[in-house]
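First comes the structure, then the notes that go with it.
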């Protein structure tokens, strides 16, 4: 039998190298899956070992709110949230302690809208504010709650009599309060600051809406925002942090500009010998593949979910998301858009050897929801070691702030 020549021997060595790389990747995936299964088994055994008779008394559910969590056992927690339009007063979380008593205090839900009690009399219009309200009175009424009648027809809320004084030479000088202007008829008429400034983007005094008031003005914000301390800008309310959301138990609250979204990331169903398990709220890992299933080995080894709040009409191109691997086994990474319901809106690029970037390429008018899937594949000598899917969802606000 003839000996192998140098070229044939080199080819066999390369084939053996590729086989060893593939075997190493399969072994790594198998070890990761086994470690995850052991963690699940340990968690079940620890829960089963908890004493069933160590429980705390049943707690009351606040009016106009909900209680999340049903376990009354020692070491467990329950959480309280209020319905939309209400804010929680008291303990957001209460834990069952070892002496079978609850930590914290019993919470209750208080109305956020100060106008809900209709405090303005005589058909006055209530304008809700930060822990206060303002009544805009109809003609003929005045006072904090529009409770006082005005008997002088000329003394309406948007016009006043001037303050006049006699001079030494017998001349008469009149002046108006701040926010009013003296008219030829001798009446101080309110200056409409909103009409003067709000119509011009360069001179805009309010970020959103402007309400003219007698002698002044007030900036208003859309739902989901509060007026900033500077009294002109609008500040987003984080409904998720303040537990002002209406998400069901098991949902995750994602704060957006001017609101929030309730999401529930799910792993894909089993298919072609490929199945996934949830390893965290936003991550799915592939279970070990059968040795003879090429379809499973070609599938993504992990899937992660990412939710991004965006303001409308942002300048582009804009980097939305960066992808990288913490530990590289191969010699190259490739990034590509695997699927998108918003074609033409995104692109991907490499920023360095181990990092890729997802870019928004077109400005978006809100409200809108954009979805895109980015695939990161790892290779060694052109052999696929594994890939990761990033499922990115962007919630675009109807506002630019």
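Using the three backbone atoms N, Cα and C, a Cβ is placed for every residue, glycine included.
Look at TrEMBL and you will find 54-111 tagged as domain 'Sushi'. Here TrEMBL flags 82-109, 137-146 as disulfide bond. The feature domain 'EGF-like' is assigned by TrEMBL to 111-147.
The structure, with features from TrEMBL marked on it.
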residue	record	CB count, 10 Å
82	disulfide bond	26
109	disulfide bond	21
137	disulfide bond	23
146	disulfide bond	22
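Each residue in the domain 'EGF-like' (111-147) gets a DSSP state, and the totals come to 4 helix, 11 strand, 22 coil.
When the Cα atoms are compared, residue 82 (disulfide bond) and residue 146 (disulfide bond) turn out to be 32 Å apart. A separation of roughly 29 Å, to the nearest angstrom, links the Cα atoms of residue 146 (disulfide bond) and residue 109 (disulfide bond). Across the residues of the domain 'Sushi' (54-111), the predicted structure has a mean pLDDT of 86. Here the Cα atom of residue 137 (disulfide bond) is found 30 Å from that of residue 109 (disulfide bond).
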